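K.L.:
This is the structure I want to talk about, given as structure tokens.
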Amino acid sequence: MIYYVIALFVIAIDQISKWLIVKNMELGTSIPIIDNVLYITSHRNRGAAWGILENKMWFFYIITVIFVAFIVFYMKKYAKTDKLLGISLGLILGGAIGNFIDRVFRQEVVDFIHVYIFSYNYPVFNIADSALCIGVVLIIIQTVLEGKKAKE
């Protein structure tokens, strides 16, 4: 299915970008892309979003395996007839596996996209995080659209 190709693409781009950061940047260094807006910053995270559950790797291993199994099951069952859901789940699957690879092989997640939104210093994130968020937003959009169709 094409949705697995989307997941593989996310994993590849995520892992290549993280490898480039690890090989070419010292931890904590930052390269401005757009001053006061976007930076490439070498950062490591031993937890989840905003560093929560730091150093709880076994928790993340177990949760991720269960989550990935659920996503694959859901893709097989529902994505065949729903293109937007399939794309969303492919992005989520790729993001989950991308960060899982980091946790297994590095015991931390490599983050590097650093954004300031209206002077808010947003936590540093990566391609896998972005794919997860985009996938979730697409599922929310789909749910809203389906709710509107059901009312009509």
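Backbone N, Cα and C atoms are what each Cβ position is placed from, and that goes for glycine too.
According to Swiss-Prot, the active site annotation covers Asp111, Asp129. Per Swiss-Prot, the feature transmembrane segment maps to 55-75, 85-105, 124-144.
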K.L.:
Name the residues of the same chain, 6+ apart in sequence, whose Cβ is under 8 Å from the Cβ of Asp111 (active site)?
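P.N.:
Expected: Thr41, His43, Arg44, Asn45, Pro123, Val124, Phe125, Asn126, Asp129.
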K.L.:
Taking 10 A as the limit, how many CB atoms besides its own sit near the CB of Asp129 (active site)?
P.N.:
21
K.L.:
Hey, does DSSP put Asp111 (active site) in a helix, a strand, or just coil?
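P.N.:
It is in a strand.
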K.L.:
Per DSSP, to which secondary structure element type does Asp129 (active site) belong, with helix, strand and coil as the options?
P.N.:
helix
